[in-house]
Amino acid sequence: MESAVTAERFYPSKERQPSQATRKTPNRRYSTTLAVLPGESPPYWIKTSHRPLSIASVESTDYAITLRDNTKGDSSKQKICWAKSAHIENYVIISDNRTDIGAFVVWKITLEMMQGGKMYISKRYSEFDRLRQDLVRAYPYFRAAMPTLPRKSVISKFRPKFLEERRSGLQYFLNCVLLNPEFAGSPILEQFLFP
């Protein structure tokens with residue numbers, strides 16, 4: 001003897017199965033009527049919802065999350081990632097005392113190495129801009145993984161609030177580049193750090 005059952009969604013474990021009251025209450029948007037023999041579970045592979053494909057596909061897709069510890073081991077990726085972090089701690093405004101024409105900011109950067117120790121370098125915004133352009137040209141498929149640089153401003157380029165926003169943005173950009181194995185071993189980055 002066959003009975004018709006209205007099901008909203010089938011769950012493999014009994015704890016998560018909808019109650020009998022839920023099964024008998026039709027839901028026009030998500031329900032499907034199936035013929036099921038008494039005592040037999042309906043097939044789980046039958047699509048029972050009419051949700052948009054994007055939502056259904058997100059729920060049904062298994063995403064692998066990879067966690068990697070670059071501080072231990074001897075992998076080739078670890079050898080490429082030689083920096084632990086980059087900090088832009090300070091800046092210096094270089095200008096002629098008589099006029100501010102041609103004045104610019106130099107960012108003081110501290111690179112912390114994986115093997116211990118620190119390296120200190122100084123860079124201008126224009127050098128960061130050139131680095132990003134060169135990396136985008138060399139690795140066009142990684143354009144989305146590379147953050148944009150902080151905005152430019154002629155009017156407020158020496159104001160403390162603007163400089164703090166720029167410092168934070170440049171530090172984020174540099175960390176994203178240094179800690180990405182694809183860019184860390186790049187001759188473009190090497191040229192930026194060791195001209």
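In case you wondered, yes, glycine gets a Cβ from its N, Cα and C as well.
According to TrEMBL, the protein carries these features:
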- 18-29: compositional bias 'Polar residues' (COMPBIAS)
- 85-195: domain 'PX' (DOMAIN)
- 1-29: region 'Disordered' (REGION)
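In the domain 'PX' (85-195), the DSSP tally of helix, strand and coil residues is 50 helix, 27 strand, 34 coil. For the domain 'PX' (85-195), the mean pLDDT of the prediction comes to 91.
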